[in-house]
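To start, the structure itself, in structure tokens.
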Amino acid sequence: MTPTNVKTRFAPSPTGRMHLGNLRTALFNALLARSRGGRFLLRLEDTDESRSSGAHAQTLMADLRWMGLHWDEGPEAGGEAGPYHQSERGAVYERYYRALEAADQAYPCFCTERELELSRKAQRAAGKPPRYAGTCAHLTAEERERRRAEGRRPTLRFRVPAEETVVFHDLVRGEQRFPTDEIGDFIIRRADGTAAFFFCNAVDDALMGVSHVLRGEDHLTNTPRQLLLLRALDLPQPEYGHINLITGDDGAPLSKRNGSLSVAELREAGWLPEAVLNYLARLGHHYTGEVESQLLDLQGLADAFRTDALGRAPARFDRHQLSHWQQLAVHRADEATLAPWLERLDDAVPADRRRALLAAVRDNILFPDDLAAWGQRVFGPLPALAPDTEAVIRDAGPAFYEAALAELETTAGDFPALAKAVRKATGAKGRQLFMPLRAALTGLCRGPELGPVYALMPVDIARCRLEQARELAATTP
């Protein structure tokens, strides 16, 4: 296969917000396509009418665009293999259903859910894995008509060939073997006439020219069923790779309870898409060499992407690692990227000083809320001081702050000049000079370089804080 023939896809169901697991699946497929000069397709699997909605579909596509994952083919992008909403492909599926029935490779099943559950219970009681018992596999035409006359609405089941073994090479897990006798005939059309996942997912991949499918390992047992379907329909079979699942700190599958976030929540909190992409690209995929620690754009991530570097062990979500990439992304971000953060600042921060504030504290913030907190520290009343900050102020003593107040007017906005004057007046130097000034002016013992921060601080606010520090230093704990 030449690189230009590679086509991957992301095929979500638009039934709710997109979370990290689905986002990583989309990313890996996009990276695989771009790493080989191929195409990335988006298909919306919206056959579940009770849960799918147009609003969810629009949100999902907006999330992908925000992350920079633009599809080459699919909804709104067009393409020759559409439509790309499964809800619009009923006639396509019906054609292949008829072909399977004509070849006696599919049959109507009239079993009720209660009958199926009783059968499964009996199989478990006998120590056998539950699978369809074949109750309707060989009904005569008369028996089928009688059941229809009783008002039973049949599903359509695929007839799985007996005594075979489905063998395929998984791009992540190597050779996989599944005896067909352990599969059982499975539903390909629901009783309401809608297409079941096994069927429409496989047929659409084939008809849309998808060559490679990366999806979660929870789909591994679906693959032999889909390969059997494609073989029966004489349709091309893609190469499959089943990636590891993401788990939380507790080792359980990632969920809202143990740390999962939706893309919408990430965006609202101020996570930058570059940070999320760089973290997820390394969550279950190992980059080597210089690129391992570099913040890369999408093409850079794709250039170093390899399916043989995809891991099999569960990928544990690590928020600290995600924060590391956020720090790199914030440091590298241009003014336009962080402009929305400025708009979220409190009115107390003068509009003409917002960019300077961002520049002063950029290396010490990760999110818009962090910037807002620094806006408060520079232009508003300080929050309550931590015990270690109070201790620094008391250790400096009231005379230290009296000296600072005496020099305030002549050194307004010029921290080096203020520090020099206080040093001359008190003899303090090093940590004994800078730490008490930082503690009094910002309410913290550590933070960004104090010069740019002090240059932004109004003189009356600086005076008030030095006076408060003088009063605190004169008290005993």
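Quick reminder: no glycine exception, Cβ is built from N, Cα and C everywhere.
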Name the residue range among 128-132, 253-257, 258-262 that Swiss-Prot annotates as motif ''KMSKS' region'. 253-257
Checking feature assignment: motif ''HIGH' region' per Swiss-Prot, candidates 12-22, 34-44, 111-121, 155-165. Which range matches? 12-22
Quickly jot the same-chain residues contacting the motif ''KMSKS' region' (253-257) by Cβ under 8 Å, restricted to those at least six beyond its ends, or write none. 19-21, 245-247, 317
Provide the three-state DSSP residue tally for the motif ''HIGH' region' (12-22): helix first, then strand, then coil. 3 helix, 1 strand, 7 coil
With an 8 Å cut-off on Cβ distance to the CYS109, CYS111, CYS136, HIS138 Cβ center, who else from the chain surrounds the Zn(2+) site? TYR107, PRO108, PHE110, GLY134, THR135, ALA137, LEU139, ARG157
For CYS109 (Zn(2+) binding site), which DSSP three-state class applies? strand
